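Taken straight from Swiss-Prot:
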BINDING   GLU18, LYS59, ASP121, VAL122, GLY123, LYS124, SER125, THR126  ATP binding site
Amino acid sequence: MSEDNSQGREYTLEADSELRFEIEQKNAKVLVTLLTGFAELFGTELVKKKKYEFGVGAKVAIFTYQGCVIHVSGQMDVCYISKETPMVQYINCHAALEQFRLEAEQRDKRGPSVLIVGPMDVGKSTLCRILLNYAVRVGRRPLYADLDVGQGAISVAGNVATILIERPASIEDGFAKTAPLVYHFGHKSPSGNSVLYNAVVSKMAEVTLQSLDANKRTKSSGIIVNTCGWVKGSGYEHLLHAARAYRARAIFVLDQERLYNDLLRDVPANVHVVLLPKSGGVVERSKGLRHESREQRIKEYFYGNARTPFYPFSFEVKFQDLRLYKIGAPPLPDSCMPIGMKAEDNKKKVVAVTATPALLHHILTLSFAESTDDDVIGTNIAGFCCVTEVDMERQSVMLLSPQPRPLPPNALLLWSELQFMDNHA
């Protein structure tokens with residue numbers, strides 16, 4: 001049931017409580033102003049008297065350690081104050097990480113690598129945001145690695161990515177995503193190609209751990225790693241692989257005791273495994289909502305948002321000028337493989353893709369690799385384009401791209417199973 005609060009209402013929050021609201025109406029707009037006291041949104045402090053605007057899809061939890069008064073106006077689907085919040089436990093986790101960072105600083109060692117794990121819809125990316133914000137507020141410069149290919153907090157879904165966090169996230173837009181390191185995966189779940197997923201995670205971990213050494217402040221700040229919500233069977237094996245690859249010092253487990261106990265059993269004794277509750281404000285998303293969220297991120301990549309609109313380009317590329325590949329060949333039994341190769345090597349093989357009508361709506365990744373002889377898996381990507389039309393008569397495709405024509409010389413495009421219906425007016 002929606003709550004029409006167009007005239008505005010003041011909410012008085014006691015210490016250690018939070019105001020939660022959700023917006024699901026398509027054109028709804030909610031304005032929030034901190035009137036007195038101190039409050040924060042996922043670790044970012046609100047500025048007094050400044051109006052913050054939230055739109056459709058927003059799930060907001062404004063927390064206060066000391067008490068505050070907040071003015072809210074607009075149409076919300078849910079709005080309430082809760083005193084049951086795990087924020088005190090989350091700040092205790094930050095304090096423990098800060099202790100690790102101080103030790104690393106004194107000994108000129110790398111700061112802690114921390115994995116945030118748990119099933120879907122328990123607030124993993126929110127906890128990452130809180131811990132990163134708290135870190136930069138005390139002068140740290142941590143790295144943020146996102147291994148969740150199903151949603152994509154840094155890049156679009158289907159990729160793993162890392163960024164350097166130098167300032168707190170914007171209340172309305174999140175972290176600035178400048179100069180990310182992004183590796184192509186091409187699937188919405190690690191199950192799409194488990195061998196490739198582990199290879200991409202290993203490469204990302206290797207490169208980012210080395211990059212810590214380039215700057216003293218970043219070195220001691222460490223890495224916060226967001227993971228997928230697939231935690232059983234092969235998904236659990238992927239978590240263990242990520243913990244090894246990133247040399248995890250701590251693993252924070254959200255809301256699943258079984259996963260917590262499995263990790264206690266399977267990771268080295270020097271890794272701190274901590275069980276944390278999820279926030280009562282976390283909302284479970286249906287498959288449809290998760291799909292909408294993916295689509296929205298892709299749309300924002302091409303078109304921006306209401307505050308910062310982008311104007312992408314559309315241009316034709318002939319089939320003969322398309323250098324299109326995918327990573328992972330169809331599986332073959334070991335007996336059919338060349339001598340010295342295993343079937344799993346085929347999962348990392350770069351194979352040519354023929355342009356057909358099946359390409360329509362697919363996202364293509366533009367790689368910085370110039371040929372298939374390069375390390376395509378371990379090469380950063382330049383960006384994305386979307387196939388909006390396939391013309392078999394003209395032997396051409398229409399591409400939606402943030403950059404004007406032509407494609408860069410020697411452009412190597414990688415196929416992704418991600419699709420985007422470009423119906424932008």
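For all residues, glycine too, the Cβ spot is worked out from N, Cα and C.
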Determine the most Cβ-crowded residue among the binding-site residues LYS59, LYS124, using a 10 Å radius around each Cβ and all protein chains in the structure.
LYS124
For THR126 (ATP binding site), which residues of its chain lie six or more apart in sequence with Cβ-Cβ distance below 8 Å?
PHE42, SER279, VAL282
I need the least crowded one of these binding-site residues (VAL122, SER125), counting other C-beta atoms within 10 angstroms of each C-beta.
SER125
If you count the C-beta atoms lying within 10 Å of each candidate's C-beta, which of the binding-site residues GLU18, ASP121 ends up with the smallest number?
ASP121
Those residues of the chain, 6+ apart, with a Cβ under 8 Å from that of GLY123 (ATP binding site):
LEU254, LYS278, SER279, VAL282
How many angstrom lie between the most widely spaced Cα atoms of the ATP binders GLU18, LYS59, ASP121, VAL122, GLY123, LYS124, SER125, THR126?
19
